[in-house]
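Remarks on the structure that follows.
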Amino acid sequence: MAHPGLTNSLSPKLVPLCACSCRPFSSQSLLLHSHPLFFKPKPLIRFTRPTASPFLLAAVGQAEPDRLPQTTAPKVLSGDQEEDLPLKSQSQGSQFRNRVVFGLGIGISAGGIVLAGGWVFATALAAAVFTGAREYFELVRSHGITEGMTPPPRYVSRVCSVICALMPLFVMYRGHVDVSVTSAAFVLATALLLQRGSPRFAQLSSAIFGLFYCGYLPSFWVKLRCGLAAPALNTRIGATWPILLGGQAHWTVGLVATFITISSIIAADTFAFLGGKAFGRTPLISVSPKKTWEGTIIGFCGCIVTSVVLSKIFSWPISLSRYTSLVFTWGFVSAIALGVLSFFGSIFGDLTESMIKRDAGVKDSGSLIPGHGGILDRADSYVFTGALAYNFIKTFLPLYGV
């Protein structure tokens, strides 16, 4: 006798379980499987993909509470990331190579310009000053600085850049720059006050500081190199210098002092960089987070040693008491003092430019020199140092140390 749950009204239609081309089952077999008297075999465990239903995953987790937690698999780089690693290292190597090549090229060119002196030195300095002034006023107009102040108009920035470039030439052919700086500041203030709209004090202050920072201070290098024209009589290299190139008279106090000062700055930067990489632990100041006290101290020592060694090689500076036992003491102390001034002028100029770039929110002041950045990035250590060295020699060394 048939079970009352099973009727002849069931048609043997074949009903597929899914849309795929799998084997279909009849509707009668489906009812038998779903009937309570039908014996159901234990279902097989199926391994599902991670995209299965979260309810199923939760049920599996509850069914196996004693299973150990899965350990995190080590991070495997994708194919694109693996390809980026050699490209990144190659880019860093190329950047370091450009830094070394262009650094050597700049150093050799600067040495030749300093040795030539005269209008060559003044013209090259004027070109560098003009480029540095353009970079400074672009930093002033950057988004990070303009949020808190109003930058000067573009025509004022361009005029200031030209005035800064003319200052070294005024020093070379006029002997002083004070009158020109005062006149430039007056014209600049008048132009800002007469501009359309409401003038801002921030415009005047940033423009005046640009004239001082980018024009007036670098002009002291012309005073140092070309203004101290007294011959360094005790310099041995001058005695063997070819007459066609100026003879001994070419080696003046200004030339020797410029070489010693520039070499001391380079030594300070190099030793500070290497010392910071090797032993740097304690940050120096928040304006430049990469600078450390350890690197600064090592750079200071390297600057002093370089100044003393070159002073001994060039036999400068000495005093009028060179025939007494105080000659070595005076020359030694003067060389140390020049080294101290060179170091503090170098680091102060570096931190000043770092402060400007930090407010502007940029890493480099420009991209003129591959691997180095802009002119200000390479010349920031020299901005204040020329003025310090020149005034030290003029004030404290009798007869310019000859």
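Yeah, the Cβs are placed from backbone N, Cα and C, and that goes for glycine too.
Remember, TrEMBL labels are computer predictions, not curated facts.
The feature region 'Disordered' is assigned by TrEMBL to 69-91.
Taken from TrEMBL, the feature transmembrane segment applies to 101-134 (among others).
Annotation source TrEMBL lists transmembrane segment at 179-194 (among others).
Through the fold, the transmembrane segment (201-221) approaches residues 125, 128-129, 132-133, 136-137, 140, 149-153, 156-157, 160-161, 163-165, 167-168, 170-171, 177, 181, 184-185, 188-189, 192, 258, 352, 379, 382-384, 386-387, 389-391 of its own chain, all at least 6 residues removed from its boundaries and within a Cβ separation under 8 Å. The annotation transmembrane segment is assigned in TrEMBL to 201-221 (among others).
Outside the transmembrane segment (251-274) by six or more residues, the chain places 107, 110, 114-115, 117, 221, 224-232, 235, 237-238, 241, 291, 295-296, 298-303, 305-307, 310-311, 314, 316, 335, 338-339, 342-343, 345-347, 350, 381-382, 385-386, 389, 393, 400-402 with a CB less than 8 A from a CB of the stretch. Among the features that TrEMBL reports, transmembrane segment is placed at 251-274 (among others).
If you look up TrEMBL, you'll see 295-315 (among others) marked as transmembrane segment.
Long-range neighbours of the transmembrane segment (327-348) within the same chain, counting only residues 6 or more positions beyond its ends whose Cβ lies under 8 Å from a Cβ of the stretch, are 257, 260-261, 264-265, 268-269, 272, 296, 299-300, 303-308, 310-312, 316-319, 321, 381-389, 392, 396-397, 401. What TrEMBL lists as transmembrane segment is 327-348 (among others).
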For the transmembrane segment (101-134), sequence-distant contacts whose Cβ falls under 8 Å of one of its Cβ atoms, 6 or more beyond its ends: 157, 160-162, 164-169, 171-172, 210, 214-215, 218, 221-222, 225-226, 254-255, 258-259, 262, 266, 366, 368-372, 374-376, 378-379
